[in-house]
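One structure below.
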Amino acid sequence: MILKELPKQRPNDFTKVLQDVEKIISYVKQKGDEALIELEEKFDKVKLTSIKFPEVDKLASQISQDLKMAIDVIFTQIYEFNNSIKPPNIIGGSANGIDYGIMWKSIERVGIYVPGGEKAYPSTLLMAGVPALVAGVKEIYVSSPPTKINSAIAYISLKLGVKEIYAIGGAQAIAAMAYGTQTVKKVDKIVGPGNIYVQAAKYLVSSDVGIDGIEGPTELVIIADETANPSNIILDLKAQAEHGRSTFLVLLSNSDKIINFVSKELDVDSNIYYVIKVNSIDEAIDIANEIAPEHLSLQISSAREYLPKVKNAGAVTLGNTPPAIIDYSAGPNHILPTNGWAKIRGGISVYDYLKMIMYASTSNPEKKLVEASKILAKYEGFVFHADSIGVRYE
């Protein structure tokens, strides 16, 4: 059905499963491997003989040549994109007698969750793993439901230098990587999408371990003018609808021709689409910035000119570029913020695996800095702060 008004709030409510997920996390913390084996049998209907996936090399060797080629090509593209935006190891300067700067250091141990669902998703492992490799992460661990670990997952894991693959899915996988078990290594950060149980688990463990964010259902906003190809618009919307019935799909257009054609063609579909007539492209940009979508597609004649006006979006495709290419081979990531989070953060990149360490050095700072520091420290009641500064430079 076609809707002509946007909802006030997008559905992404995992609060209804929080209590169940809390119990899972608590059980894993208490029982470790024993809990994982029991929970896998309960939820994934698999009786594990080993939590650590064996014979990765053997499984990787079974990959088909065409799939291997596709993975190699996409791996290289993602690597080159992230390497091109990787910052220098040290950035700094000086002022008023003080040398200062930042050092970029990689996170040491990362856990990547590769979701199950109807299919295995090797593209997610590429998107999460390659930026970690570029950043210099020394230990990468992967967890995925046991029935979804296939030759593609194994092959990519070898290319990434993954230390171990765990045959664990769902909230129990997140708990295991967050707190560690007899077999599963405790990591510093967990990255990767998943269902509401996985997202609830990431939310609950986020006070103890880093996470990439809370990813909700797929979102796409298309802004189209009269130059856009309506058939391509329909394909782009249907492509993102493949992610499930919870997807949030919006067309904003100032063209009656586009609006009418797309509405007619999509009306027979079971998914819900929002088709909105706007007065101008500027108005459409304003609406898109308020939505802050995961994917934004500017299918307009002057897309490059309008790109700087985009303030909030996970990823933007310009002109005739299909949004789906970012899901696979463009180089930027498909693990993107949803549900308005694009207002404050972006998609996964090399920066998600780097941390800043600030430094300062001085033997002779200008007197005004010394005096200012002492005055403010004493004002705040920190006398020894003031003395530790003053004794060195007076």
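Cβ from N, Cα, C; glycine included.
For Tyr113, Gln172, Asn195, the entry in Swiss-Prot reads NAD(+) binding site, with the evidence type sequence analysis. Cβ neighbour count for Tyr113 (NAD(+) binding site) (all protein chains, 10 Å cutoff from its Cβ): 29. The secondary structure of Tyr113 (NAD(+) binding site), as reduced to three states from DSSP, is extended strand.
Under the heading substrate binding site, Swiss-Prot lists Thr218, Gln240, His243, His295, Asp327, Glu380, His385. Annotation for His243 (substrate binding site): spatial neighbours Pro217, Thr218, criterion Cβ-Cβ under 8 Å with sequence separation of six or more. In the three-state DSSP scheme, His243 (substrate binding site) is classed as coil.
Residues annotated as Zn(2+) binding site in Swiss-Prot, with sequence analysis given as evidence: Gln240, His243, Asp327, His385. Within 10 Å of the C-beta of His385 (substrate binding site) there are 15 other C-beta atoms, taking all protein chains into account.
The active site, proton acceptor annotation in Swiss-Prot covers Glu294 (among others), and the record cites sequence analysis as its basis. Under DSSP, Glu294 (active site, proton acceptor) is assigned to coil, being neither helix nor strand in the three-state scheme.
The local packing around His295 (substrate binding site), expressed as other Cβ atoms within 10 Å of its Cβ over all shown chains, amounts to 26. If you look up Swiss-Prot, you'll see His295 (among others) marked as active site, proton acceptor.
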Practice problem: Check the binding-site residues Gln172, Asn195, Thr218, Gln240 for other C-beta atoms within 10 angstroms of each C-beta and report the one with the most. | Solution: Gln172
Quiz item: Counting every protein chain present, what is the number of Cβ atoms, excluding its own, within 10 Å of the Cβ of Glu380 (substrate binding site)?
Solution: 10
Quiz item: Looking only at Glu294, Asp327, which of these recorded positions has the biggest number of Cβ atoms within 10 Å around its Cβ?
Solution: Glu294
